[in-house]
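This report refers to the structure that appears directly beneath it.
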Amino acid sequence: MLVRRVLYAFALCLIPAGGLAQTHELDRRAVDPLAGTSECARTCFTKTNDTEAFQGSQTDDLCQYKSLYHSVEVCVKHDCNFIEILDFKNRTSRACDWPITDRRQEIRISCLTIGILAMVFFTMRAISKIIGFVPYGHDDSLIIATLPFIIAFNIFCQVLTSKGLGLDIWFVEEDDIRTFLILIFASELSYATALALVKLSILAFFLRIFPDQKFRTIVRWTTIFILVMCPLYLALILAQRRPLDLFWNGWKNKNPQGVILSGNLIGITHGAWNVALDIWMMILPMTQLLKIGIKLKKKIGVIAMFGVGLFLTIVSSVRIPSLIVFSTSRNITGTKHSSLYANFC
């Protein structure tokens, strides 16, 4: 008798638990991914539902059938404005409980690590000059001029992650997107300037250690080329939109307005000629290393500069495909991180 009562009580306990589980399952199935979305998005679902392939589909089927979701998404991207597109992506992703890509912490750590390494190398170079191990030259002055841009890039990176870098744009607040684009614009100007200063520093180092007049003439012409190209690209960056604030205020426009020059074309061509220039600057010192009479200390310095040049070439090569991906995506916060890595390096 006692055993029967215990089993009966246990069964009574299971009834509400089972009921709750069933209710939870029904609630989960009752979630409408389009709840709260724009009329445009719901109209797209209706249009898709009217097709033979998806006739009779319910809104909660969007979470289960990728083909249905993709068809509705294509319609939304074509028929709706940009804010409605972001709202659709945000609400459906959350309602369907799809995993969120969030690389913000990874980016913060990477940028901080690169920034610390840059400061360590700068400090080591400064100490070698102070103790007189290596004489001070114009190349050192140019590296000092680069230091503010290194610090600025580290600050940009940390602030950009707080404004959505590494997170899909449909999870980023509108005000944060605007701030993000302002910082991206500033980082483009900083990157072009810092890269030119680093290259000029390497060329100044070549002039300091190599006496060959023909070689020095070639280096000077290369220096002039950089001094012309850097201001030119800075001017092109500043002239790409009119008025300029459309760069960060015009992101809501599905069809960009005020476009004077293609920012993507500017970035890709800038990366391409920098790769060519890096290769050229690696070839230059190799012609001098073959000559007899170059001291071992100078050879070590040239090999070190060769390593820097090789690193810059790799970084510039990585930056070009990342810019191409970025140019074809409206998910600017989610796809910009690889380009920023290359810029920061």
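Even glycines carry a Cβ here, placed using N, Cα and C.
A TrEMBL annotation is a machine prediction, not a hand-curated record.
Sequence annotations record features per position, and here TrEMBL assigns domain 'CFEM' to 36-97.
TrEMBL lists 125-339 with the feature domain 'Rhodopsin'.
Residues or ranges marked as signal peptide by TrEMBL: 1-21.
Annotation source TrEMBL lists transmembrane segment at 107-128 (among others).
Counting only same-chain residues 6+ beyond the ends of the transmembrane segment (140-161), those with a CB under 8 A from a CB of the stretch are 104, 107-108, 111-112, 114-115, 118-119, 122, 125, 129, 179-180, 183-184, 186-187, 190-191, 193-194, 197-198, 200-201, 204, 340, 343-344. For 140-161 (among others), the entry in TrEMBL reads transmembrane segment.
Marked as transmembrane segment by TrEMBL: 181-206 (among others).
The transmembrane segment annotation in TrEMBL covers 218-239 (among others). Among residues of the same chain six or more beyond the transmembrane segment (218-239), those with a C-beta under 8 A of the stretch's C-beta atoms are 185, 188-189, 192-193, 196, 199-200, 203-204, 206-207, 210, 260-261, 263, 266, 270, 273, 277, 280-281, 284.
Marked as transmembrane segment by TrEMBL: 259-280 (among others).
TrEMBL lists 300-320 (among others) with the feature transmembrane segment.
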